[in-house]
Ligand SMILES: Nc1ncnc2c1ncn2[C@@H]1O[C@H](COP(=O)(O)OP(=O)(O)OP(=O)(O)O)[C@@H](O)[C@H]1O
Ligand SMILES: [Mg+2]
C-alpha cells in the first residue's frame, strides 16, 4: 500500500481532456480532424486511443504533448491547465515524456547522452552527478545500461525503442505519451515489448496515453480503451467491456472480428432476453431495453464464440445447419467460413474460429451453435 | 529563435534586394548617381539613350547571345558526354577520369583565361604550335581573337560546372526504366533518344539555365579576349561603362539601364529554371527501389571515346598548366623548343613572386574576404533555411524561400555592378566603397548556395528528432543548439568550404569593386598580365603567381575539406550504424564534397527528402537520402 502511494506520487498524473478540437488549414480551408474529444486518464492508468488510420489519434496525442496547438477545449494535467483554446503551455514545460513511432533517437549522441538529455535541459535540469545517476537508472529500467557508451545508432530496432522509452522516462514525467511505439518492430519483438512496456508502466505507476490502430495491442495492454472514429471517441470502456459489449457496429467491427446478421425481434421477456428471427430460424439473445417486438435489429457475435457439431445437439438454442466452404489455417487458430442452410438453400454466411485440433473439413455439413450469452443486439446503425 | 530568423532574413534582404533596388533607381534617375548629386532627376532618359544607341544595343545583345548561348550549348554537350562516359559506360579508368575532369574546377577562372590566352597566342602559344604539326593547318591554326575561339574558350572555362551538375542527375536515374526499354527491343541509341533524354531533359534544362547565368556573369574571358575581338559582350560593356574616360563622368545611369535589361532576361531564364526543376521533381524517376543505373558497353566505341576524353583533358588541364608553367620560366613569350628549354629558362619569377610583399598582402585579403563572406552567407542562410523549412508553407514562406534562392539568378556582373552603385550611394554616410569590407559584403551575395544546401539538409532531419527534444523539456533554442546544429554542421561546413573556394576564385565582383588597396589575389594576377597596367605588367611573374595561386587554392580548399572529412570519419568510427537497423529516423546528412555540390543535385535530394516527409509512416520510403 505504501509503495502504491509513492509510485503514484512519483509518476501518476491525472489528465483531463475536455471537448478538444483541432483543425488543420489546407489551402485556406479548415479541415476538422479532432471534433470534440473528452476523456480522463486516472493516475497510474494505461489509457489507449484506438482507431483506424486517419481518425485523429496522433493529432489528439500531439495536442496533449503540446506539439500541436488545439483550436478549442481544454487539457489539464493534475489541475494545471496545459491548453485552452487560446493559451498553450509549450511542450518543454508540460512535464510529459513522449515515445515516437520511429523512435527519434538522436544519431549524433551515444545511448547515455540520449538518455541524459532531458536532465540537462531547462525542463528538468539536475546537477551533473545526479543527472548521471538518474539517466543510468532509466537505462537500467529498459536493460540498456550495459550499452550506455555505444553510439545510439549502433542499436537494434528493439533496443532503439527501449532507449526512446528510457529517454521519455528519465525526467520522471507525470504522463507518458506513446504514438504507435511498437509498429516498427517485428511480430515477435512486438509481443515481448508489449509485456515489458506494460509491466514497466505498472511498476512506475505512471499514467500513460497510448495511441495505436492495433486492437490486440490496445486490448492486451490497457486499463481503459477509447475507440476513435472520424475525430470523435465513439466508445470508452475497459478492454473486456469493449470486446463483449461494443456500443455500435463500428466498434464491434473494429475491435476484433464480428459476424453481423440482420434480424427481426419476435418476442422479448422481462429478463432482457429476446427471441429474434435470423436466417429463418428463431434465436435467443440478450437484448437492451427499449427494443420492441417487430423491430429490425442487427445481431452480432464473435467468430470465436461459435462452436460446431457434427450432429445436431439436442436441447440447445441457436443451432444452425451449415456447410463449411473455406478453411484457413492461421497458425494458432483455424478460421472457417460457412454457408448457413435453411430448407436446403443458402441463406447467409458466417465466419467462425476455433482451435486447429478440431476443425471441420471443407465441404462438410455441420451444425453451428451460437451461445446466447455471446450474442448482442445492436439497434442503432450510425456507421452502416 | 524567431528573432534570429528575422535577423537572418534581413541580412539576406540587404545582400540581395537592396543593391538591385539601388540599380533600378539609378536606371530611372540618372545620369550619374541617383542621390547626392545635383544632376539627378527621375526620368527615362537612360532608356532613351539606350534606344538612341540601339545599333550598339542590338549588337551587344547579339554578341552576348551568341557568346553566352554558344558557349553554354558547347559546354553542356561536352559535360553531358563526359558525365555519360564516367557514369553510365564501362569505359576503363572512368574513376580516374572522373577525378581528372574536375581538375579545371580548382583553377581560378581568371587563371584559366590567362592560360588559354597563352595557349592560343599566334606564334608562341603551345596549342597553335601543336596544331601546326598537323598537315592541313595553316600558320595560325587558331586565331585568338576570332569570335569562335572566344566561344570555345568560354565553354572550356566553364565546362566543369555543368559536368558536376549532370553527374548526379545521371547517377540518380532509375535504371529499370531504361532496362524495360531495352527489354522491349530498343537499342542503346533508341533508348537514349526515346526514354533517357525525355526523362532527363527538365533536369538538363535547369543545368542549362544555370550555366547560362554563370556565363553572363563571368568577365574573365571577355576581358582578356573580347577587347581585341571587336565584339562587345555584355559583361565587358557594363565594365567599360563604369570605368570613366578621362574628363567624363561615368555613365552609371546608362549602365544601370543596361543591367536592368539583362536582369529581366535572367529573371525569365530563372523562371524557366524553376519550372524545369519543378517538372523534374514531378518526373523524377527516383523510385527508391532497384536503384542502379545500368552501364552501357562501349565496345568498338572505346577508341574514339578515349581520344575525345584525352583531348578534353589535354585542353582543360594539361596544356593550360603547361602554358602557364612555360610562361613563368621564360623571360618573355617564346615558343616552346628544347633549345629554349635549355638556354632560356629561369626560375626567378617564382622567387620574385614569393618576395613580393603585395602578393602576400593580396593573398591575406583574399582569405579574409572569402572567409568572411562564406561565414556571413552560411550563418544567415542556415538560420533562415531552418526557419523556412520548418514552418508551414504559406505564400509568405514560399516567397521568402524563392527570394533567398534567387542569387543564382543574378549574374555576378550585375551583382558586382549593383553593389558598386550601392556603395557609391551610401558612401557619404557609410564610407566603405572600395574597401575589403565592401568586398566581404559583395561576395556574400552567393548566399543562395548555402541557403539551398541548408534547406535540403534541414528537410532531411526528421521533425520527430526535434519534437523528442521539446517533449524532453528542452527549449527551442536548446533544441536547435543540441540537436539541429550538430546534425546540420557537416553540411554547413561543406558549403562553407565551397563558398570559400568560390570566393578565393572570384574575379568578376572585385573587377567592379576593388581598388589597388583592397584587391584580392585574382585581381593582382590580372594586373600583372594586363599590358595596360604599365608599372605592374610582368607576364612571367603573372604566370608564376597564377600557378602559386592555383596551388594555394587547392591546398587550402582541399586541406579544409580533408580536415572536415577526417572529423566526419572520426565520427563515423564512433558511430558504426548497422545498416538497416541504424538510425532510419535521422541519419545526419552526409556532407557532399564541396566540389560535387550542385544546385541540381540539391534540388534532387530535397525532392526526395520532401517525398519522404509527406509519407512519414511508410517505412518503405524511408530509405536513406544520403546516397545521392
Ligand atoms: N498537417 C496536416 N495538414 C492537414 N491535414 C492533416 C495534417 N496532419 C494530419 N492531417 C489529417 O488529419 C487526420 C488525422 O491525422 P492523424 O495523424 O491524427 O491520424 P491517426 O489517427 O494518427 O492515423 P494513423 O493511424 O494513420 O497514424 C488525417 O486525415 C490526416 O489526413
Ligand atoms: Mg498516427
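Cβ atoms here come from the backbone N, Cα and C positions, even for glycine.
Since the structure is predicted, the reported quantities are computational estimates derived from the model, not experimental observations.
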In TrEMBL, which of the ranges B:28-56, B:57-85 has the transmembrane segment annotation? B:57-85
Highest-contact recorded stretch vs the transmembrane segment (B:145-166), from B:6-25, B:97-119, B:199-219, B:252-274, B:367-389, CB pairs under 8 Å: B:97-119
Near the transmembrane segment (B:409-442), which residues from the same chain, at least 6 beyond its ends, have a CB less than 8 A from one of its CBs? 15-16, 18-20, 22-23, 26, 33-36, 213-214, 216-219, 234-235, 238-239, 242, 252, 255-256, 259, 262-263, 266-267, 269-270, 273, 365, 368-369, 372-373, 376, 506, 508-515, 517-518, 520
Using a cut-off of under 8 Å between C-beta atoms, tell me which stretch among B:6-25, B:199-219, B:252-274, B:305-328 contacts the transmembrane segment (B:97-119) the most. B:305-328
Need a quick answer: max count of Cβ pairs under 8 Å to the transmembrane segment (B:252-274), which of B:6-25, B:199-219, B:305-328 is it? B:199-219
